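**Q** Got these off TrEMBL a minute ago, pasting:
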{"type": "DOMAIN", "residues": "13-68", "note": "domain 'Acylphosphatase-like'"}
{"type": "ACT_SITE", "residues": "ARG29", "note": "active site"}
{"type": "ACT_SITE", "residues": "ASN48", "note": "active site"}
Amino acid sequence: MSALAKASGALKSVDYEVFGRVQGKDGLRDEYTEEEAKKLGVVGWVKNTSQGTVTGQVQGPEDKVNAM
């Protein structure tokens, strides 16, 4: 992250889609995603798609979004 971004408190928003075994019993857990987001101090949403993927958006300080 640039010094300007750090000084200005730059925010970042990222849309994502996860492929593979991400839904169901062995997949990506909504609880894990929510827990991690709270821990990092970011916000957003996540949902399962009918194609078997997970899509979402995460927003917050650039360094925290990158960590997510």
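Glycine is no exception: its Cβ is also placed from the backbone N, Cα and C atoms.
Automated prediction, rather than curation, is the source of TrEMBL annotations.
Quick caveat, the model's predicted, so the values are computed rather than measured.
Help me see these features in their spatial surroundings.
**A** In this structure, ASN48 (active site) is part of a beta strand by DSSP. Its Cβ taken as reference, ASN48 (active site) is surrounded by 15 other Cβ atoms within 10 Å in the chains shown.
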**Q** Just to be sure I understand, if DSSP states are collapsed into helix, strand and coil, how many residues of the domain 'Acylphosphatase-like' (13-68) fall in each?
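**A** The composition, in the requested order, is 17 helix, 20 strand, 19 coil.
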**Q** Per-residue pLDDT averaged over the domain 'Acylphosphatase-like' (13-68) comes to what?
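**A** Value for the domain 'Acylphosphatase-like' (13-68), mean pLDDT as a whole number: 86.
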